[in-house]
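Residues annotated as domain 'Radical SAM core' in TrEMBL: 92-306. According to TrEMBL, the [4Fe-4S] cluster binding site annotation covers Cys106, Cys110, Cys113. The N6-(pyridoxal phosphate)lysine annotation in TrEMBL covers Lys318.
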Amino acid sequence: MPAMETWQNILRDSITTYDDLKKHLGCDNPAIHDVISTYPLRINPYYLGLIKKPGDPLWRQAVADPDELCDTVCQSDPLGEEKLSAAPHLVHKYPDRVLLLVNGQCAMYCRFCTRKRMVGTERMTISPKSLRKAYDYLRNNPQVREVLISGGDPLLLPDEMIGDILAELRSIPSIEVIRIGSRVPCTLPMRITPRLVGILRQHHPLYINTHFNHPLELTEEAHRACSLLADGGIPLGCQTVLLKGVNDSLEILKELFTGLLRMRVKPYYLFQADLTRGTDHLRTHSSVGINLMRGLLGHISGMALPTLALDAPNGKGKIPLTPQYIIQQGEKLEFTNYLGEICTYPEAGDPI
Ligand SMILES: *Cc1c(COP(=O)(O)O)cnc(C)c1O
Ligand code: SF4
């Protein structure tokens, strides 16, 4: 057996039970037992160290909450991913790109996860052999030019397996771009090692979209991880989820998005929370996100601005939720600017 790497040791020491929560965070509500037996718990020592007090923004993302079992509104598979599966672990929703789920494990089980019905459970055991059918599908469907590798977290797989998956995808001539979705730069930044980056950089054009939700996650370690990836020539994006009591405030989002930009991570999406069973207590009204975007647009660098998007229920796709700036269209276009001032622009040509 090769020696365990630092990140593997950290992961092994994760807390996973109600007794662990009691011991480390002083939780005292036996109802949490039932929550964990439905939706697994994993908080690794790195992320645990960032939690400062009960109910703080990192606590709310990581610690099992009895409210998870009181959700009667949301659905177990809100994005209809099972219906849209073209092959095992492969979701084909849009014509030119697919989502390939390669791993069921994560460095932390986020309480708001869209795939909380399956992450960390038996339902998501994925073997390299079971991915064969997905590769065959991609070979037979050359209209697919981009593969989005996700999970669970792809970067929790061993280096060699990541290299094999990437090499397999790269051997399909019609695949132009590979995109990896991974939360480890945020939840277990030690996983980003020079050796891993050495493997990833052999498969350009490769993009990574990571996932930070709060400025307190932008630590020295996270910065180091993102720098290693960026120095490997990997463009970095961030898919943040808007969550009640975590980041539903203008000051927090400003700090998060400008901080990400300093770490060479471009905010890509700010997601309206999905309609995921067990997460209703973390959702916000759509007007909250739209108003927050109004407070950001024009007030911080355009480079730091994500698109606020709603992933429509039942696999209907991502819909941008944009504040309304247009007042009316006629001979002149009338609109407000970022300060709320009314402006006009004389039209040219005929309307279409
Ligand atoms: C989100 C998603 C994508 C990628 O969409 P982009 O807008 O290109 O980021 C692809 N496939 C599925 C199934 C998705 O849910
Ligand atoms: S890291 Fe991503 S896939 Fe894993 S639990 Fe968190 S949100 Fe879900």
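Even glycines carry a Cβ here, placed using N, Cα and C.
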Give me the count of other Cβ atoms within 10 A of the Cβ belonging to Lys318 (N6-(pyridoxal phosphate)lysine).
16
Using the alpha carbons only, what distance in Å do you get between Lys318 (N6-(pyridoxal phosphate)lysine) and Cys110 ([4Fe-4S] cluster binding site) once rounded?
21
Excluding Cys106, Cys110, Cys113 themselves, which residues in that chain have a Cβ inside 8 Å of the centre of the Cβ atoms defining the [4Fe-4S] cluster site?
Met108, Tyr109, Arg111, Phe112, Arg115, Lys116, Val119, Arg183
Pop the mean pLDDT for the domain 'Radical SAM core' (92-306) in here, whole number is fine.
97
I'd like to know which of these binding-site residues, Cys106, Cys113, is least surrounded, judged by other CB atoms within 10 A.
Cys113
Among Cys110, Cys113, Lys318, which recorded positions lie by ligand 1, judged by Cβ under 6 Å to any atom?
Lys318
If you skip the near sequence neighbours and keep only those at least six away, which residues in the chain come within under 8 angstroms of Cys110 ([4Fe-4S] cluster binding site), Cβ to Cβ?
Gln61, Ala62, Lys116, Arg183
